[in-house]
Structure formats: C-alpha cells, structure tokens
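A.B. asks: Structure in structure tokens, see below.
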C-alpha cells in the first residue's frame, strides 16, 4: 500500500496549531479545511494531463488540462465534512458521495447508518476524507462499500493516522493509497490516537 506522510512545513505548522487543547471551533474548522486542501494537492499529483488549445488574450495558446479523470469526494460523516471544502477548492467539479459511519465506543467497530454514492462511481477516482485513521474500521468499511459499488481507484486522506489503523487498512485493502499529515504514536486504551487531535468531530461542529 502506498503511504504518504506529507511533511511540508505548512502542513506541519497547521497541524501543530490544531493540536492546541483550547483551540476555537472556528479556527479548528478553518485549519482542517486548509490541511485537507494541501493533502489533496499531494494526492492528485499523479493525475494525467493533456494538451488543449484555447483562445488566449493574444490568440490561440496550448495549455495543460486534467485528462478525463473524474473524481468523487467521499466525506465520512460527520467529521469528514470538515475537510471537504478544502478538497473542493482544488477539484471544484468533483461530485460528492456521502457515507455515514459511527464508532461503537464499546467494541470500537464501525456502524454504518447512511450512504449516498454518485451513480457512476465505477468511473471515478474516490477521495475518502476523514480527520482520523485510528483503528481503521470506518475507513475500511467505507472502502468496502465503494468497491461493492464498482469503484476501483481509491485514495484516503486523513489529518492524523495511528500505526494500528495503517496496518489494518493495508491488510484489508493493500491497493488503496493513504495520504496523512502525520503518523502519530498510536492508540490509547480507549482507541483514541495519541497525541492526536482529540475528538475532531466535536471540535469541527462545536459540540465538545
């Protein structure tokens, strides 16, 4: 499995700000979107381009444009919505597919409760967005849904990832790609990432 830890100084700086315990909801939400945008930049670096002739200010000019690769952004509800706008800044024409998952706090297993995928998802590259890759359960279950619907080109974008979640994802879906702003220390006894970000969903939606 391709694993990319994005170590750009801007990513490191913004993620560091997000780790502050008393960060405001507004600021956390802004930073989640900004880091999501930077991760998208990395995740789409291999998109093919083609030469197209357009009408410029001084006549015809040859430019590069993305070659036919359609994209769907797949936020995992609810926290994934906090990264979605940043992703769309880079790929504004992407379609949105939504998957609802929550984690059973006793078993730590994902529980699906909603899904609405674009009709031609089998023709698109899916960018799954979720702030945290902890045990990996929610992301793995989401990939299961996408593959069942015919999607074969899948990339996962997360703010922070635990080694345990990475290992589980690689075992279940070695053909996907993972892009993260940080590979953190690991999980505590409650299944939360250390040092992590706390509850990203609560911080994004102001329910902490």
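Sequential numbering from 1, following the chain as shown.
Every residue gets a Cβ built from N, Cα and C, even glycine.
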A.B. asks: Return the residue out of 95, 103, 124 that Swiss-Prot annotates for the same 5-phospho-alpha-D-ribose 1-diphosphate site as 78, 130, 131, 132, 133, 134, 135, 136, 137, 138, 199.
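C.D. replies: Among the candidates, Swiss-Prot records only 103 at this 5-phospho-alpha-D-ribose 1-diphosphate site.
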A.B. asks: Using an 8 Å cut-off from the Cβ centroid of 193, 198, 199, 200, can you name the remaining same-chain residues around the uracil site, in sequence order?
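C.D. replies: Going along the sequence, the neighbours appear as 131, 132, 192, 196, 197, 201, 202, 203.
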A.B. asks: Can you grab the distance from residue 198 (uracil binding site) over to residue 132 (5-phospho-alpha-D-ribose 1-diphosphate binding site)? Cα atoms, rounded to a whole Å.
C.D. replies: 10
A.B. asks: What same-chain residues, at least 6 away in sequence, bring their CB to under 8 Å of the CB of residue 200 (uracil binding site)?
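C.D. replies: In sequence order, the residues whose Cβ lies under 8 Å from that of residue 200 (uracil binding site) (at least 6 apart) are 28, 32, 79, 82, 131, 132, 159.
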